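Listed features, source TrEMBL:
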DOMAIN    1-76  domain 'DUF4143'
Amino acid sequence: DTGLVCRLLGINSPNNLPTHPLIGAIFETWIISETLKYLSNHQDIAKPYFWRDRTGLEADLLLEHGLNISLFEIKSAHTPPRNYLGKLTHIQTYLDKPSTLGLIYGGTQTYARTDGHILSWHDFHLQLT
């Protein structure tokens, strides 16, 4: 529970969270938690996974929708990082199913690019269906 984590870390105000050294881990945990709740309340429309190989290459969230897979990177930054899909593109080569790539980030704009989707934390649940 990210609320409990913030309380235990002494993050008593939303204003303190953006500068906390654990903001990335807290944000990622919150997104995963919200994803699991959303999927549970919508008849488990996708199966969520975490993917990591022995070299440390990882996808923060992998969703299996029948014959398709969506790979997501999760970043707390308010601006999408450069080359945000680099490692996801590499992971994509291991998959035997069609896949899409996306970034869930702390900003406010959601839009599609040729190499994947940029999803605001406000809108990421729209990609889950």
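For all residues, glycine too, the Cβ spot is worked out from N, Cα and C.
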**Message:** Using DSSP, what is the helix/strand/coil residue split across the domain 'DUF4143' (1-76)?
**Reply:** 26 helix, 22 strand, 28 coil
**Fill in**
Model confidence for the domain 'DUF4143' (1-76), as mean pLDDT, reads 89
